[in-house]
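**Q** Just passing along the structure, written as structure tokens.
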Amino acid sequence: GDPLLVKVNKITSTKTQLPYSYYSLPYCQPDHIVDSAENLGEVLRGDRIENSPYTVFIMRESRMCNVVCRKVLDKKAAKAFKEKIDDEYRVNMILDNLPLVVPIRRPDVENAVVYQHGFHVGLKGKYSGSKEEKHFINNHLAFTVKFHKDPLTETARIVGFEVKPFSVKHEYEGEWNTKTRLTTCDPHAKRAVTSSESPQEVEEKEIIFTYDVEFQESDIKWASRWDTYLLMADDQIHWFSIVNSLMIVLFLSAMVAMIMLRTLYRDISKYNQLETQEEAQEETGWKLVHGDVFRPPTNFDLLCVYVGTGVQFFGMILVTMIFALLGFLSPSNRGGLMTAMLLLWVFMGLFAGYSSARLYKMFKGANWKSITLKTAIKFPATVFAIFFVLNALIWGQKSSGAVPFGTMFALVLLWFGISVPLVFVGSYIGFKKPVKEDPVKTNKIPRQVPDQPWYLHPAFSILIGGILPFGAVFIELFFILTSIWLHQFYYIFGFLFIVFIILVVTCAEITVVLCYFQLCSEDYQWWWRSYLTSGSSALYLFLYAAFYFFTKLEITKLVSGMLYFGYMLIVSYAFFVLTGTIGFYACFWFTRLIYSSVKID
């Protein structure tokens, strides 16, 4: 007998990627529209949760044929509905934190049901015998609320919220008033709506909105009520992708082990016995460049900035994944993932400042304040600029996906109020620490780099280096893209964590292997090359995103296309910084290791 609150959320479309608030369409409205408080993540996703005119939800009391209201559409309202039907918009609602779903039977499997999020605003169709396509609106909603009874007390909890939408041209006798009975849907005459036999067209006429509420007992326990929403049909693909990636990792690890053991062991023992032998004059390979290998590169301040940002990213992703693995960020916590990532990014500023300052001091850089400021501002400013332009585009479309000015201000406040000071604190600590000594002394005069064979040309080896890290993650990437752009839940963080570890290992190993080949051919300029080698996988990520756009998405609007590529550009940039930093640190560790184990006269 308790009243239940049904809330309406944004209306969404995978064709335009622009969400709108429910009341931007001329639907029936309650007397007062009350906006629910949204968290940061929800606002950024474009969720707008408001109360609804569906008020006759009384727990465990089924009621048929409730009239919401009667609307007479004018030209503008009819046009608004038609546009949204053309773009295949869906209406999202929430009851007791559960999203509304439409159950659809799968023809290939018996008794199998696929759940679709939200119901379509309407559909396009033709009357038999006519050529003209008409728009029909779903104006009758048959809701089913599933509940689970507590065997001890007589209370129950809601475990499911489903709807079957119908389009029905309602009829009634006489004049319309609040007490009018419909002849097309009357609980007293046992007339219920079971099909869309005579559908309701969208035109400049009246539309009567109605709904049924039915309660069904269910065996699903309250704790596992999200399981039906999160059914993954294809976890075999994920296992396949992980096995595939592990093959790459094993292959690379074998290569690294070979280099380490064979070459280093042989080379070092040979170098260290040189004193006794006559061929001391002729040294080959990486030993020759020992006097230049730790010479600071050109633009080393920029390298420090990028490495610091990468560390910040790595920390954010690692902690987010651990939280997600422990189940703090399940999809039932709307916007939780987004909020967590933003806050973690801000707090990881500490590590960004620290690592960029340590590196800068090692390069004997003098003005640490400028480097700190760049670390704190360079990456976020680039992302913020792209985000600002995209937001202006969304705002121009009057979509609810546009981030309001208040939230924008809150983001800037987070950035300058918490992130920037933390970067300075980290950088101060990093600068106070004594610098690591180089294992070998650097010569005064740089030696000449001999001509390199074509396969060791920087551009070629950098592009080759990005293929393997990308190959390790691209199947998982497909699922992530699908969950973002086709509005499905992504929650298999266990798989994602394994794939992330594989990505880290692959980036590190491919960089070490290519770095070793480069040093062997007496090219000592490895600092930037190591960053770009694994970072180039971001280029493949962006190309894959473009491929996905043209093969999987049905986006036709220019604005929506710009949105897609704008966001994917941000993602690729972040991926570049992350993978580049991993590669750089692997190479940094590798060079220090091999040069510290050699006797140099």
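Note that Cβ sites are derived from N, Cα and C of the backbone, with glycine treated the same way.
From TrEMBL, here are the annotated features:
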TRANSMEM  239-261  transmembrane segment
TRANSMEM  303-329  transmembrane segment
TRANSMEM  335-354  transmembrane segment
TRANSMEM  375-396  transmembrane segment
TRANSMEM  408-431  transmembrane segment
TRANSMEM  462-486  transmembrane segment
TRANSMEM  492-519  transmembrane segment
TRANSMEM  531-550  transmembrane segment
TRANSMEM  562-590  transmembrane segment
**Q** Within the same chain, where does the transmembrane segment (531-550) have neighbours whose Cβ lies under 8 angstroms from its own Cβ atoms, ignoring anything closer than 6 residues to its ends? I mean 6 or more beyond.
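**A** Answer is 303, 306-307, 461-463, 465-470, 474, 477-478, 481, 507-508, 510-511, 514-515, 561, 564-565, 568-569, 571-573, 575-577, 579-584.
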**Q** Suppose I define contact as three or more CB-CB distances under 8 A, residues 6 or more apart in sequence; do the transmembrane segment (303-329) and the transmembrane segment (562-590) meet it?
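**A** Between the transmembrane segment (562-590) and the transmembrane segment (303-329), which are separate recorded stretches, there is contact, as judged by 3 or more close Cβ pairs.
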**Q** So, do the transmembrane segment (335-354) and the transmembrane segment (492-519) meet, by the test of 3 or more Cβ pairs under 8 Å (sequence gap 6 or more)?
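**A** By the criterion, they do not touch.
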**Q** Before we move on, state whether the transmembrane segment (462-486) and the transmembrane segment (239-261) share at least 3 Cβ pairs under 8 Å, counting only pairs 6 or more apart in sequence.
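**A** Yes; at least 3 Cβ pairs under 8 Å.
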**Q** Between the transmembrane segment (375-396) and the transmembrane segment (492-519), are there three or more C-beta pairs closer than 8 Å, counting only pairs 6 or more apart along the chain?
**A** no
**Q** Short question: which residues 6 or more past the ends of the transmembrane segment (562-590) have a Cβ under 8 Å from it?
**A** 17-18, 303, 306-307, 309-311, 313-314, 317, 379, 382-383, 386-387, 389-390, 393-394, 465-466, 469, 485, 503-504, 507-512, 515-516, 526-527, 530-539, 541-542, 545-546, 549, 553, 555
